[in-house]
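*Asks:* Have a look at this one before I ask anything.
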């Protein structure tokens with residue numbers, strides 16, 4: 001392009017007679033030896049009516065050098081710079097629109113001819129652009145060679161990983177078998193250990209229940225004749241079954257299995273289960289004793305609570321007095337704290353060892369069981385480590401296959417962007433572009449990032465497909481579409497995000513300079529002599 005612009009002044013230097021405001025390419029339409037035909041063919045007028053400051057043609061083509069036609073065009077020759085068309089309305093309006101000042105020939109305004117200076121600056125800019133293009137293209141060729149080498153290395157690595165995958169799969173299967181074989185004796189030993197512990201728990205629980213039942217039997221056997229009668233059972237109204245607050249003779253006999261009395265041998269099996277949850281002990285401590293330490297579940301209980309002896313009449317009276325005093329104290333507590341009524345004595349507290357944390361905890365494994373567990377755990381660890389290695393290898397294979405098959409441009413020049421991210425900081429946001437992956441923004445003063453889209457496809461025009469990228473399906477806008485970003489790729493010696501805008505709501509435009517976008521520059525030809533014209 002620079003070469004073409006340097007050659008154009010050779011044409012402009014040739015003066016061709018033509019009316020003011022007519023371009024060199026259109027001069028043949030304006031032949032003063034014959035009538036002028038409007039360029040739209042709407043009329044034909046004598047040539048002396050061209051530029052007579054009166055609009056005769058509908059398209060304004062008869063007044064290229066005056067402001068008579070509002071839809072006409074004035075051509076600025078701008079020798080030494082770039083020719084330009086301006087609206088005829090700007091002719092002689094007191095503003096210098098053409099750098100050569102030819103548009104203000106009759107306004108009284110003297111326009112300085114700045115075309116040479118503009119041409120010089122334009123040439124400098126074009127030379128700089130040409131230099132950037134040459135250097136960028138040189139770097140682009142290096143990028144292409146780097147990708148060729150990298151692609152070959154990745155393909156070799158992919159082949160190695162695919163070959164190693166089969167070996168690792170076999171190893172994983174072998175370790176899986178060893179793990180399953182080690183887990184069988186482990187499971188059997190652990191199941192046996194738990195079974196023994198649960199049997200001991202059941203035996204211990206039954207023993208405690210029998211002790212509770214024996215204590216209740218002795219309390220109920222008021223006459224100590226070795227049997228519990230219907231009358232003795234009726235002394236405990238809390239065992240009422242129909243909800244009337246009293247235990248009738250029929251209800252008591254039903255609880256005794258239809259018999260009039262029950263001895264100790266059958267009390268536990270036939271009666272205790274039916275009355276256990278309702279039964280209240282006749283002997284209650286003023287304060288419950290602290291929970292005794294739980295014995296080892298593997299050992300039998302060493303001591304049992306002493307069997308209470310039948311109370312005497314004096315003891316009954318003393319207990320009644322104590323109960324009266326206790327009830328008064330409890331009434332005061334009830335008024336102050338809103339506690340439940342104490343008319344019904346509380347249930348006998350179950351022995352603390354039944355709910356003891358120590359007793360509920362399964363004892364440690366024996367030495368042989370622990371050895372099975374350790375062996376199985378070691379087999380599991382080896383299997384899991386090999387399985388993780390296989391998953392990592394499969395992930396590496398997928399990544400390599402994706403990268404090798406990815407479209408990085410005609411010659412892979414954009415491949416170096418694949419593992420990179422670039423940022424641009426503005427007054428409000430930090431924009432982040434990770435090519436072929438995502439675009440995001442986050443507030444400059446802190447906050448969570450917002451997705452502006454993930455990689456979609458190349459989005460340039462058909463003739464220049466790799467000039468733009470499209471990132472889609474970002475975070476949705478409030479009551480709007482999902483955010484998306486188009487990234488324009490510009491030629492540059494460095495890789496840097498130069499700008500980010502939002503031309504439409506939720507649609508962003510980002511510009512990325514990269515050597516990979518530099519086209520091949522035209523060959524440099526020697527230019528003879530110095531030329532000031534552009």
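A Cβ is built for glycine as well, from the same backbone N, Cα and C atoms used for every other residue.
The model shown is predicted, which means the values in this text are computed figures rather than measured ones.
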*Asks:* Which stretch does TrEMBL mark as region 'Disordered', out of 116-147, 148-179, 180-211?
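*Replies:* TrEMBL lists region 'Disordered' for residues 180-211.
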*Asks:* Quick one: DSSP breakdown of the compositional bias 'Basic and acidic residues' (180-198) into helix, strand and coil?
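*Replies:* Counting residues by DSSP class gives 19 helix, 0 strand, 0 coil.
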*Asks:* Would you mind splitting the domain 'MRH' (419-520) into helix, strand and coil residue counts from DSSP?
*Replies:* 9 helix, 57 strand, 36 coil
*Asks:* Do any residues of this chain, six or more beyond the ends of the coiled coil (373-403), have a C-beta under 8 angstroms from a C-beta of it, and if so which?
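*Replies:* Same-chain residues near the coiled coil (373-403) but 6 or more away: 154, 157-158, 161-162, 164-165, 168-169, 171-172, 175-176, 178-179, 181-183, 185-186, 189-190, 365, 415, 418.
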*Asks:* Residues sitting near the coiled coil (144-178): Cβ under 8 Å, six or more positions beyond its termini, same chain?
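*Replies:* Apart from its flanks, the coiled coil (144-178) reaches 379, 382-383, 386-387, 389-390, 393-394, 396-397, 400-401, 403-404, 408, 411-413, 415-416.
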*Asks:* Quick check on the domain 'EF-hand' (208-243): DSSP residue counts for helix, strand, coil, in that order please.
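*Replies:* Once the DSSP states are binned, the domain 'EF-hand' (208-243) shows 20 helix, 3 strand, 13 coil.
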